[in-house]
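As written in Swiss-Prot, here are the features:
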COMPBIAS  71-80  compositional bias 'Basic and acidic residues'
MOD_RES   SER64  phosphoserine
MOD_RES   SER82  phosphoserine
MOD_RES   SER93  phosphoserine
REGION    60-88  region 'Disordered'
SITE      TRP41  site 'Seems to be involved in pH gating'
TOPO_DOM  1-22  topological domain 'Virion surface'
TOPO_DOM  44-97  topological domain 'Intravirion'
TRANSMEM  23-43  transmembrane segment
Amino acid sequence: MSLLTEVETPIRNEWGCRCNDSSDPLVVAASIIGILHLILWILDRLFFKCIYRFFKHGLKRGPSTEGVPESMREEYRKEQQSAVDADDSHFVSIELE
């Protein structure tokens, strides 16, 4: 008899498990990990917009400016802004026949 039929055998009009070693530490650890995984998955699905928005905008703050003189910071800001302005001014016009 296979393990599958042994586990899924009806016991007293209910579906049950015939394993007697369910207090095994490995089984307990697997159950805890499974429950934590389910909780984290549910939280991820509920709050995925907040979570991913935080990571998306939180990681785009740019390089650290700690220890950099203010004049160099201002120069860097101007370079970044001029690069953004240059990108905004280039548009391609496509006409379909």
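Here the Cβ of each residue, glycine as well, is placed from N, Cα and C on the backbone.
It is 42 Å from the Cα atom of SER82 (phosphoserine) to that of TRP41 (site 'Seems to be involved in pH gating'). Residue environment of TRP41 (site 'Seems to be involved in pH gating') contains 10 other Cβ atoms, counted within 10 Å of its Cβ in all protein chains.
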